[in-house]
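As recorded in TrEMBL:
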{"type": "BINDING", "residues": "Arg51, Gly52, Ala53, Arg94, Gln203, Asn254, Lys255", "note": "substrate binding site"}
{"type": "SITE", "residues": "Cys164", "note": "site 'Transition state stabilizer'"}
{"type": "ACT_SITE", "residues": "Asp244", "note": "active site, proton donor"}
Amino acid sequence: MNSSTNQVYSIIWHNDSVSLIDQTRLPNEYTFVEISRCEDMARAIKTMIVRGAPAIGVAAAYGMYLGAREISTGDRDEFLNHLEKVADLLRSTRPTAVNLFWAISRMMKTAYETLGTIEEIKKTLLDTAQTIHLEDLQTCHAIGDNGLAVLPKTPERLTILTHCNAGALATGGYGTALGVVRSAFREGRLARLFADETRPRLQGARLTAWECVQEGIPVTVITDSMAAQCMKEGLIDVVVVGADRIAANGDTANKIGTYSLSLVAKAHNIPFYVAAPLSTVDFSLSDGSKIPIEERNPEEIYQIGNTILTASGVEFYNPAFDVTPAELITSIVTEHGAFSPKELIKYQEKKVA
Ligand code: MRU
C-alpha cells in the first residue's frame, strides 16, 4: 500500500524478487509473501495468494522471468526448451482467466524474438514483465474513466453493485470494475457500493470491502442471495463486474454467481456492465461454451475456518466461474472505450501480442 494515498498494490517488484500481498489472509492480516523462484510463484497463483485475472497475468509474467533466471546454460535452444517447461508449469496453475495464458505467451514470444546472449534475453524478459505490470495499471485507469463516461446520467449519485473482487488487489492497481467505482467516487458520482460477499471464497466480503475501507469508499456488504431483493427495493442503479475470459461474441466468464446476477439485473431493468482489459478477451473462442471452468476443492463450500458446515456423506460441486451470455450484458468497458458485446470483434487488432 502507498501510505500517502492508501492506494493498494498487490504485486511489487523490488530487490530482485516479487512481493505479493497474501490475499488469503486479508482482511485480518495485511502481510506480504516474498517470491524469488518460479515454483513459488506457481504455488502462489494456485493457492490464490495472488488472484484476479489481470493480477495472475502480471504474476505469471514475473514467474516467467524468475524461471528464466534459474536456467543455467549458454545454449539458446536449450534455454528456450527449459523456458517452455517454465511456461507449462505456470499455465497449469489456473485454467479460466485468459490473462495468465496471454501473459505467458507474450513472455515466450519475447524470448523467441530477442536476439543476443542468454543474459540479454533474461534482461528483456524482466523488462517485458515490468511493462505488462505497468500497462495493466494504466489500462485499469482508462477502464475506470471509460466506465464513468457511460454510467447512467441519473440519478446524479449512483449506487453500484459488484461481485467478487475486481479491484486493485486483482490487477496491477486501481482495478477494473472497482476502477469504474473509484472513478465515480473521485467525480462525486458514487452514492455507495454494494458488494456481494461472493460465496464460497468471499472475495467481496474479505477483499472488496477491505479495499473500499482503505480509501473511504462507502460500502455495504450483502450475501449473494440478497441482490434481487435489493434491486426490487430500488437500492441498486447499476451492476459492474470484472471478467476472467470473454469469448469473441461477448459471452463472459466471471466469478460464480455473476450469471445469476445478470439475470436478476435484467428482470429489474438495471444496466449490467462488464469492465475488463482487452487482454481478457479470447478471440480464439467463438462463444462462452468453450471457456474452461475451474472446479475447486469442495472444502471451500463445507468448511469455514475449522468449522465443518455439512454432514459427512454429502456430495459437492464447486465450479469457480460461470458464463454470462452476451445478450445480458449492456456494455463491455475496456481501455479502448465501452461498446456492446456485438462490437467486440472490431477490437481484435487492438489487442497487444
Ligand atoms: O477466483 P478469483 O478470485 O481469481 O476470481 C476473480 C474474479 O472472478 C474477478 O472478478 C475477475 O478475475 C476480474 S479481476 C479484475
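Along the chain as shown, residues are numbered 1 onward.
Quick reminder: no glycine exception, Cβ is built from N, Cα and C everywhere.
Gln203 (substrate binding site) carries a helical DSSP state (H, G or I).
The Cβ neighbour count for Asn254 (substrate binding site), using a 10 Å radius and every protein chain shown, is 29.
With a cut-off of 6 Å between Cβ and the nearest atom of ligand 1, the binding-site residues Gly52, Arg94, Gln203, Asn254 reduce to Gly52, Gln203, Asn254. Fewest Cβ neighbours within 10 Å among the binding-site residues Arg51, Lys255: this applies to Arg51. Cβ packing within 10 Å was compared across the recorded positions Ala53, Arg94, Cys164, Gln203, Asp244, and the lowest neighbour count falls to Arg94. Cβ proximity to the substrate site centre (mean Cβ of Arg51, Gly52, Ala53, Arg94, Gln203, Asn254, Lys255, cutoff 8 Å) flags the following additional same-chain residues: Ile56, Ala97, Cys164, Asn165, Ala166, Ala170, Gly242, Asp244, Ala320, Phe321. Recorded residues Lys255 (substrate binding site) and the residue listed as 'active site, proton donor' have their alpha carbons 8 Å apart, per Cα-Cα distance. Residue pair Arg94 (substrate binding site) / Asp244 (active site, proton donor) shows a Cα separation of 11 Å. According to its DSSP assignment, Cys164 (site 'Transition state stabilizer') is coil. Note: the Cα of Arg51 (substrate binding site) and the Cα of Cys164 (site 'Transition state stabilizer') are spaced 11 Å from each other. Gln203 (substrate binding site) sits 5 Å from Cys164 (site 'Transition state stabilizer'), counting Cα to Cα. Look at Arg51 (substrate binding site): DSSP puts it in coil.
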